[in-house]
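A.B. asks: After the structure tokens below, expect a handful of questions from me.
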Amino acid sequence: MLLTVLSSLCSCLLASVSGAKLREAEVSVEVLHRPFLCHRKSKYGDMLLVHHEGYFENGTMFHSSRTHGDKQPVWFTLGIKEVIKGWDKGLQDMCSGEKRKLVVPPAMAYGKEGTGKIPPESTLTFIVEVLEIRNGPRSHESFQEMDLNDDWRLSRHEVKEYLRKEFERHGYPPNDTLHENMVEDIFTKEDENKDGFISSREFTYKHDEL
């Protein structure tokens, strides 16, 4: 949604041998830089603004947010499958200003299918720098602020209003297209009973796949 090369794809299922599951490959995380002061760390539900570079195993770069496209950092919400599983796992507990190297196995990237210029079964390396962390639409702290009429459920309008206010509060102009896309993605994933609202249980429930 926010970045084509990092759009969410289904991860490979764990293989089974004689009825026992094989252990899933893990993302390798190396901290390249961490600021001396860290006022908060990233968690599931937070919105992260990042610059990143992506490399194949042979060292060839396939994407850089600094030099490709609009050359702008990208926003995404951690833990709701807006990005590959390797990012959702590997970018937890980061500080604003921190930079990490992630080595992501195929099962936590684009699996057996690949995507675009990414071949099937590719192990990918990413250099990711977090520029800013904000409370996102999945964070527990945000629910009461988002629930404008105190009915313990969130409408699309309430979620969109929250996103608009957060962007304005941090000095960024509203982006209706981005906000609409984010709201639609959130409701697709979180409105389990498809009643057009996200209940407090649906909002705060931590899914196993996250």
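Residue positions begin at 1 at the first shown residue.
Keep in mind that glycine also has a Cβ here, set from the backbone N, Cα and C atoms.
OK, TrEMBL features for this one:
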- 45-134: domain 'PPIase FKBP-type' (DOMAIN)
- 134-169: domain 'EF-hand' (DOMAIN)
- 178-210: domain 'EF-hand' (DOMAIN)
- 1-19: signal peptide (SIGNAL)
A.B. asks: Cβ under 8 Å to the domain 'EF-hand' (134-169), counting only same-chain residues 6 or more beyond its ends: which ones?
C.D. replies: 43-47, 49, 77-80, 175, 179-180, 182-183, 186-187, 190, 196-200, 203-204
A.B. asks: Go ahead and report the DSSP secondary structure tallies for the domain 'PPIase FKBP-type' (45-134): helix first, then strand, then coil.
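C.D. replies: Within the domain 'PPIase FKBP-type' (45-134) the tally stands at 9 helix, 36 strand, 45 coil.
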